[in-house]
Amino acid sequence: MSWERRDTATLQEASAGQCSSSSKPRRRAPPFYALDSELPLILAMTCGLQHALAMLAGLITPPIIFASALSLDAETSAYMISASLIGCGILSLVQMSRLKLFGGYYLGTGLLSVVGTSFATLSTANAIFDAMYADGTCPSTTAPDGTVTRGACPDAYGMVIGTSMICAFLEIFLSFVPARILQRIFPPMVTGVVILMIGASLIGSSGIPDWGGGSNDCAGRPTSGIFELCPTIFAPRPLPWGSPEFIGLGFLSFVSIILTELFGSPFLKNISIIVGLAVGCIVAGAAGYIDGSSIKTAPAITFLWVKTFKIRVYAPAILPMLAVYISLAMEAIGDITASAEVSRVAVDGIEFDTRIQGGVLSDGIGGFVSALFTVTPLSIFAQNNGVIAITRCANRTAGRFCCLFLILFGVLGKISGVFLAIPNPVLGGVTTFLFASVATSGARVLAYNKFTRRDRFVLAAALSFGIGDLLVPDFFTHLFDGVDGVSKGTQGLLSSITIVLSTPFLMSGLVAVVLNQILPQEDPVVEDDEEVPHAVEVIDVEAHPADPEKK
């Protein structure tokens, strides 16, 4: 007891000395709310709303881009947004559960894990849509000046979700593979380059084109037709693609995100994407760039299956979608690990392995069910891990309120109409930042590697094809042009291979997986020709945060 009292007195004196020497009083950290701890109702609702707002921009972006790529009408586009929000809310409830199945297997992570449309699906679907218009599956017209105008093709969306439905069984199978094996096949070297190329390709295919006025046919600046001006000649204030007015609107939204990060409260920082959209829309509305017809035509109340699509299988999309589900499983492992870490639960051992197994299984089943919901595959979202870290609330009750808010946003059809009315430049300025954040996440994953000569070789080979596809998208388009007289099945296989080769993240991921398996590991010995940093200390910023009071 005497040692205990002496130590206590010493700590009190040290604490008193620190307080007297510091001009700023130290604030007491807010309490941490664990997975199943008691949480006041109002606080649970507030945290749930915060989670819903943090993921909102990431949820509405894919259906808007899908609808734009397929030239769908405003009513169908608004429904796709609503269906995505409702589906995310329902399947997030499943992911947060931890239902015990047979033989020690589980369904769901049991963490505050939410789901949304993966950007891997978005990137691949764009390549599939391009193939459908190229092979005549979707209608298009060619003007005398060579400008190609795409017609509306809702059947293409039905083919993508139909193909994703059958391919979902691959991820269901992967969920029963031990996590250690999956991590050995898909180490950070592979997952990092895949995520990096997903973000980079989306910036080029959607973010920047929308910033300039639209990622549809107007981006080619045709000299005639409805896409002579962006977004179309029927818009309230149409302008040629790349006009300074469009670039200025997108830049305003982009800068708003930066200013929110500089001066905003923790709550505003979590919803900085929404702030950027709001500021851009306010200015765009005052300047007359917003078309309110989508709000007028959107129903007050809606739900799933108000509109349906012909679910069919598009053979050339099978291989790319299988690769997407492998990518989703890789993303799920990383996201579940991050969620477990910020939730202060075990990040290794049997319990953690079952969380990964349950999360990947829920992802696979969710991919099948989401197709029935008329939504593209929904997988675990990583954005909410930051909200958990800042709010110190990992409570599943707050997560359930988040799901209820998402479902409510989807049911209220006018909200989807509002999202659809966002001008392309405003959306482009925000999504460019969003997609760049995805690419940054990939770079962060790559930073986990020690970067031996072997690792640099694998990364260089993977990026050779990934960046090559990104800069020259048509490089593999004519690879099988000389193959004639083959069966329809063989032609579908060749088209499928072409899509895989033409999709940057699929190609780079494939090269990284193969080389990572066949190249022998190196001993951790520094080679003579390598530069060795001397007096350089690598510090994990998150593990050792800077003390703002030290000067």
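The chain as shown is numbered from 1 upward.
Glycine is no exception: its Cβ is also placed from the backbone N, Cα and C atoms.
Bear in mind that TrEMBL entries carry predicted annotations, made automatically and left uncurated.
Database features, via TrEMBL:
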REGION    1-27  region 'Disordered'
COMPBIAS  9-19  compositional bias 'Polar residues'
TRANSMEM  52-70  transmembrane segment
TRANSMEM  76-94  transmembrane segment
TRANSMEM  106-129  transmembrane segment
TRANSMEM  156-177  transmembrane segment
TRANSMEM  189-208  transmembrane segment
TRANSMEM  271-290  transmembrane segment
TRANSMEM  313-334  transmembrane segment
TRANSMEM  401-420  transmembrane segment
TRANSMEM  426-446  transmembrane segment
TRANSMEM  458-480  transmembrane segment
TRANSMEM  492-515  transmembrane segment
Winner by Cβ pairs under 8 Å against the transmembrane segment (458-480), considering only 52-70, 106-129, 156-177, 189-208, 426-446
189-208
Quick one: do the transmembrane segment (401-420) and the transmembrane segment (156-177) reach 3+ CB pairs under 8 Å, ignoring pairs fewer than 6 apart in sequence?
no
Which residues of the same chain, at least 6 past either end of the transmembrane segment (426-446), have a Cβ under 8 Å from a Cβ in it?
57-58, 61, 64, 119, 188-189, 191-200, 202-203, 206-212, 215, 249-254, 257, 273, 276-277, 280-281, 284, 334, 382, 459
Near the transmembrane segment (492-515), which residues from the same chain, at least 6 beyond its ends, have a CB less than 8 A from one of its CBs?
120, 123-124, 127-128, 131, 135, 185-186, 189-190, 193-195, 197-198, 200-201, 315-320, 323-324, 327, 457-459, 461-467, 469-470, 473-477, 479-480, 483, 486
The transmembrane segment (156-177) versus listed stretches 76-94, 271-290, 313-334: most Cβ pairs under 8 Å:
313-334
Selection from 76-94, 189-208, 271-290, the stretch that has most Cβ pairs under 8 A to the transmembrane segment (313-334)
189-208
At a C-beta cut-off of under 8 Å, are there same-chain residues at least 6 beyond the transmembrane segment (189-208) that contact it? List them, or none.
65, 119-120, 122-123, 126, 215, 327, 330-331, 333-334, 428, 431-432, 434-449, 455, 458-459, 462-463, 466-467, 469-470, 503-505, 508-509, 512-513, 516
Positions whose Cβ lies under 8 angstroms from the transmembrane segment (76-94), at least six residues beyond its ends:
55, 59-60, 62-64, 66-68, 107-108, 113-117, 154, 157, 294, 297-298, 302-304, 306-307, 362, 365-366, 369-370, 373-375, 378, 399-400, 402-407, 409-411, 413, 415-417, 419-420
